[in-house]
Amino acid sequence: MKLLIMGAPGAGKGTQATALAERYGVPAISTGDIFRYNIANKTPLGVKVKAIIDAGEYVPDDVTEEIVAARLAEPDCDAGFLLDGFPRTMHQVHFLDTYLSGRGEQLDAVVSLLVEPEALVQRLLARAEIEGRADDNEDTIRRRMEVYAGQTAPLLFHYENKRLLVEVEGTGTVEEVRQRMFELVDARVEA
Ligand code: C5P
Ligand code: MG
């Protein structure tokens, strides 16, 4: 099972990714979590990307793609994977398509979590209180929304054209969204 989960910042990707990955018995791979782990541990990668992420910008494609390629090559990805937060640019989309087709593989579904823009900002400000992420402040949130709208939202058309998109209404409680998502993804992958 090879899945992506996409959505604007604050749409609930990380939360729902964990549940979806567990349901299908595949690892949830969050590029944002990998970056934050490296920043917290002050690794060379962390030092390189900290200022970029704190500003709400995207890490260069070649850097992120190398991380993803290395992670997907690990044995726990043999049965599949769920990528959360990747791809975020058209370059990354092509990279992933090429990587998978080189292995004779393809994606099974791309989950898109839909949430109203106003609700997203409220969620991110609430999360700032709980998780203390450096990029969950009002200026950076605004920038992340712009970057998402400009560079990442258009990628949904690519997956829609490939008939992979599963759109899930992301408003409601975590449990409501999870049930809705399970039903839609189950129907898709069983079909
Ligand atoms: O996915 P998440 O929201 O946790 O990512 C946090 C930040 O990591 C993004 O705002 C961006 O700065 C960086 N990132 C990136 N490229 C990706 C994934 C995350 O630059 N593919
Ligand atoms: Mg996340």
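For all residues, glycine too, the Cβ spot is worked out from N, Cα and C.
Feature annotations, courtesy of TrEMBL:
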{"type": "BINDING", "residues": "GLY10, ALA11, GLY12, LYS13, GLY14, THR15, ARG127, GLY172", "note": "ATP binding site"}
{"type": "BINDING", "residues": "THR31, ARG36, GLU57, TYR58, VAL59, GLY85, PHE86, PRO87, ARG88, GLN92, ARG133, ARG144", "note": "AMP binding site"}
{"type": "REGION", "residues": "30-59", "note": "region 'NMP'"}
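What TrEMBL annotates, mapped onto the structure for a quick look.
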residue : record           : contacts (Cβ under 8 Å, 6+ apart)
GLY10   : ATP binding site : VAL115, ALA119, LEU120, VAL121, ARG123, LEU124, ARG127, ILE141
LYS13   : ATP binding site : ILE5, MET6, GLY7, SER30, ASP84, GLY85, LEU113
GLY14   : ATP binding site : SER30, GLY32, ASP33, ASP84, GLY85
THR31   : AMP binding site : THR64, ILE67, VAL68, LEU83, ASP84, GLY85, PHE86
GLU57   : AMP binding site : ARG143, VAL147
VAL59   : AMP binding site : PHE35, VAL49, ILE52, ILE53
ARG88   : AMP binding site : TYR58, THR64, GLN151, THR152, LEU155
ARG133  : AMP binding site : ARG36, ARG127
(message) Suppose you look only at the region 'NMP' (30-59); what would the mean pLDDT be?
(response) 98
(request) Please list, in sequence order, those binding-site residues from VAL59, PHE86, GLY172 with the Cβ less than 6 Å from ligand 2. (result) none
(message) DSSP secondary structure for THR15 (ATP binding site), reduced to helix/strand/coil, please.
(response) helix
(request) Consider only the binding-site residues THR15, THR31, ARG88: which of them have a Cβ under 6 Å from an atom of ligand 1? Write none if no residue does. (result) THR31, ARG88
(message) Using Cβ atoms only, which residues of the same chain lie under 8 Å from THR15 (ATP binding site) while being at least 6 residues apart in sequence?
(response) VAL174
(message) Quick check on the binding-site residues GLY12, GLY172: which one has the highest count of other Cβ atoms within 10 Å of its Cβ?
(response) GLY12
(request) Rank the binding-site residues ALA11, PHE86, ARG127 by the number of other Cβ atoms within 10 Å of each Cβ, and give the residue at the low end. (result) ARG127
(request) Tell me whether ARG88 (AMP binding site) sits in a helix, a strand or coil according to DSSP. (result) coil
